[in-house]
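Chemist: Quick one: this structure, given as structure tokens, is what I'll be asking you about.
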Amino acid sequence: QVQRALLALTIPLETLQAVKGRMLQAMRKGLSRQTHAQANVRMLPTYICSTPDGTEKGDFLVVELCQSRVRTLWVTLLGDGNQSPQVMYKIFNMPRDIMQGKGEALFDFIAQCVRQFLAGISSPQHRLPLGFVFPFSCRQTCLDKAELMSWSKGFSCSDVEGKDVVQLLQSAINKQELYHVNVVALMNDTVGTMMTSSMAGKPCEVALVVDTGTNSCFMAEAQQVEMAEETSGRMCVNTEWGCFGDDGTLSDVLTPYDQHVDQESSNPGEKRFEKLVGSLYLGEIVRHALTALAAEKVLFTGSSVTVLRTKDVLKTQQVLEITDNEEGMAKTRRALEALGLQPSERDCCRVQQICRAVVSRSAALCAAGLAAILSHMCQSRELERLVVNVGVDGELYRDHTRFREILQSVLAPECMATLLPSVDGTGLGAAMVTAVALRLAAQRHEVDRLLAPLRLSRADLERVQALMRREMELGLGRESNANASVRMLPTYVCGTPDGTEQGEFLALDLGGTNFRVLLVRVAQDGIHMASEIYVIPIAVTQGTGEALFDHIIECIMDFQLKQNLMDQVLPLGFTFSFPCQQLGLDKAVLLSWTKGFSASGCVGQDVVQLLREAAQRKQHLGLKVVAVVNDTVGTMMSCGYDDPKCEIGLIVGTGTNACYMEEMQNVGTVEGEQGRMCINMEWGAFGDNGCLDDIFTNFDRLVDEKTINAGKQRFEKLISGMYLGEIVRHILLEMVEKELLFRGKPCPKLQTRDIFQTKFLSSIE
């Protein structure tokens, strides 16, 4: 019978693995917005988004609501890596009637404790941030707003459930005229345990409390915490895992002894995991096991065992002492004799075995739960191996070596966890949470201040719109065109496609670091293209014009050779994505280079003529240039082939530009009033005349100064791919300098120009 009892209390490894799997499932259910309401493991967001980094400093007040007392603490952090925090505290015993009385009376009592404590230490009157340790299930919506979901642990104050306990405490504190005390953060004891357990500067990211009750928390990826709006970084999640199994998922682990304990509790059917693990229940599980064995006449034969029918007659502390290897037998005898039993040597031995089985099972279940958390962290961070510190607190962990050993043999082989005992997790931990919250708020404020100039209001954008419209009108006017920053260049493209176009054409596309040559067949069944991309070396883009156009002709000849087109003369369209004064469809004078080009001898020249001259130099005679177009015009025309209503082209790439079909009567720079003409705006230069100076930030100015065309293309430098990475790099440099990034450590790599590429922005966003 004893063997049967021990077997029932021993969980095989396969079952523990299954428990871990079920815990993982329950955690995911709690994290999901869709299934959260039905979840037993609630996975409550705590709005704590960082662990301490050692720079925290200042004075902090902590109030901890305990089982039957209130503890107040004054904690001073020195910014020394939290090596030597200074702590003063006082404990106030709470009258029993307050725990079951009115909520207002409870919070008034807590506030009075705070006032007495501060009076006793002659505290200064400067603003005092307060951290509130409130060890009950709350629905938090931010760090300083939490509604009590339900009381437990003997509390049942009226008018508190469903209300914001932070506001209740702050109101009570204000009633005491302590207007300099501000409740900044609310947390439970588990979170405090995590915040105080750090080793060698490495943050602790998981905590486990195994005390009267049990709970855990960990730093989850914020985007997975669907009940919170936060989507970046990490957030501490309070699992509330004591309720795991309330839906029957632990039925294969429960023994008849557990069922008796549950039925006799104040909340039958609830907190099933906690009742297998927490120290409040272990003595009771042992008592029911001993009662059953005594009834089967295998224990205490000849003794009256009536005493074993009395609830709580055997304390968990006694159970822990009985399991001791050295003095366990003597302590067993003393404990049993104190109950009026006359145990034999064999009785003592069997009682010790039962106690060990109950405590070992508690540790094994905690280990399975911890393994579920570690595996979840490893998977969600996409790591092959997770190395993490786990803060642990509670009498079961502190007082029982075997419990620690079982917990250490955690069922997550892909994770290496170091268990660290917490140092005053509730008091000091609450101060840490408060300090971290203030540090993050100060950093957030500084970051917001730094980024404020980049945030344009609707009014700002409407002003930019009005300025752009004014510059457009200046650009269209014959007399005012020369002074306009938006050049509004006529393209001599006077119609969009109608879908009847057919034939074979060559196309060139020059507008960035790559150059494309294409063969385009436009037929009834659609458009067919063959193309080749050629790289233009920087030495060529910034060398002589002759070298640049010679390189272009060489690429064309290479393409025609590969396509077997050397004997054909096909009409050619040349997309040339730089500001040009167009004098005809096949005549365009380059006004200025942009996008990092600076080839000499080209500005002021007809680019089609430069191409023809290069063809002659290379003795390539089959070149028939029909049209030179800007890439923006090309964009509009290619979309116009599918949709005749397309009348605007917009490019946002290496550079930026726009074009649109304008009424000829508005184009003062070209003769004629009838019809329409496509206007290449060249809006990249918008603001070069100073009209946008007040929206340029210091970061924009730093980027502009280092370009090869400083003071030019100012609008483009706010928008396009060539510059965004550099703007971000300069912002990051300032953040590093202000110790807002990388834990205040310098980052010399960021000094390298163009190291932060624009594609990183897209990936990160």
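Glycine too: its Cβ is placed from the backbone N, Cα and C atoms.
The model shown is predicted, which means the values in this text are computed figures rather than measured ones.
Positions annotated as domain 'Hexokinase N-terminal' by TrEMBL: 2-198, 447-641. As annotated by TrEMBL, domain 'Hexokinase C-terminal' applies to 206-436, 647-765.
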Chemist: Does the structure show the domain 'Hexokinase N-terminal' (447-641) and the domain 'Hexokinase C-terminal' (647-765) touching, where I'm treating 3 or more Cβ pairs under 8 angstroms (sequence separation 6 or more) as a contact?
Modeler: yes
Chemist: Helix, strand, coil residue numbers for the domain 'Hexokinase C-terminal' (647-765) per DSSP?
Modeler: 52 helix, 18 strand, 49 coil
Chemist: Tell me, roughly as an integer, the mean pLDDT over the domain 'Hexokinase N-terminal' (447-641).
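Modeler: Within the domain 'Hexokinase N-terminal' (447-641), the model's average pLDDT equals 91.
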